[in-house]
């Protein structure tokens, strides 16, 4: 709510304080800088000291820049107050860090989505602040925020959880544990696009609608509030849906929608089509925000605080650059098309990354299943050349993956079975796709053991064999019992 206060009031502020178009863009976006940077330490300290203490510090710290904003008379004053109003945006990472502690993993998407409804505070600002400014003047409107923030501080002091579970790992330890994980940076890119587009449109629309479409200040505020409300409604929907289906499918919808929305905004600036494009961005951005924070605790359950901070910071930074870029491009070209097309291209790149991550997740699942099963597993190509084996295979036979990859299963041959046995084995496998039975094989140390073997042919859509999979258990130990 507070970190978009200046952008909500900028149509009134610029009538009182002379600002160039470039200065307007900086003043509107400056709060995003500190709001993004602080999300990393605030997310960490929320894990260490609890949400109640961090929220209290944040609310009290906001009182000073809000008061200073009411006294501002220059561009510098607005920049100073706007910078520290970013504390309000940084406080978001407190909740997304603390809330998952209270709920099971399968509810994290829903819970973080519901928490994201707090973004409605920005709608309150963009809708309510212009109305207050119209009636009382923008400086008096700012005083109302002092009272609201003081009230929130009091409510947090009284009702905040004093018994929240703390995580006491050092900041450096948590950063070292995650910074090399590529999933962290992919999630940061996704949130850079989804939350970044939400923030960028929120802070840029009020002044853009007044200047470009010549709407009244109150009308521009109401339309921007509608954008925020729609995005806020779809945030929990994105979380809930991501709890029920694969969150990568949700993100495919999100980035596909943002790609098309950016194209629509690039080729038309008529009010009806511009409205459709903006509302489509709101739906996709809100849904994406909820889906991303379903994935964070799924991949980083032990480093939730620092990861939430980094991902949230990326989202905030994603909202800082677009307003400045749009203003600069308009100054150079006289149009906004290139800026909106950049959104489309960034979303398309993210869509490709989502497809890749989804494929990697499936591959990792297969690898996890292969390694976690108690039975030995051996996978060959269609010619019977061994491609991989699991840990249980090594434990039973003594052969490591490096020992057998590139060789045939004959490496295990004990000499106890004649040619007719193997001909029958392959005939059954090729005809039915399966073979099951007892077989004698040889370990790396030369000892003979009995195994119960199930061999299967894995086929593609054209009914051609892609691989053979052999799964076996050591019967000699069972018979000893």
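The chain as shown is numbered from 1 upward.
Each residue, glycine too, has its Cβ placed from N, Cα and C.
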Among ranges 5-23, 24-42, whichever one TrEMBL labels transmembrane segment: 24-42
Segment assigned the feature transmembrane segment in TrEMBL (from 49-69, 364-384): 49-69
Contact between the transmembrane segment (220-241) and the transmembrane segment (273-293) (at least 3 Cβ pairs under 8 Å, separation 6+): yes
Summary of DSSP states over the domain 'PAS' (362-408), given as helix, strand and coil counts: 22 helix, 9 strand, 16 coil
Criterion met for the transmembrane segment (273-293) and the transmembrane segment (142-159) (at least three Cβ pairs under 8 Å): no
The domain 'PAS' (362-408) [mean pLDDT, rounded to integer]: 88
Residue numbers, six or more beyond the limits of the transmembrane segment (184-205), whose CB comes under 8 Å of its CB atoms: 4, 7, 25, 28-29, 32, 89, 119, 122, 126, 178, 220, 223-224, 227-228, 231, 251, 254-255, 258, 278, 281-282, 284-286, 288-289, 292, 295-296, 299-300, 307, 310-323, 326, 343, 346-347, 350, 353-354, 357
Which of 24-42, 111-136, 305-324, 336-356 contacts the transmembrane segment (248-267) most, counting Cβ pairs under 8 Å: 336-356
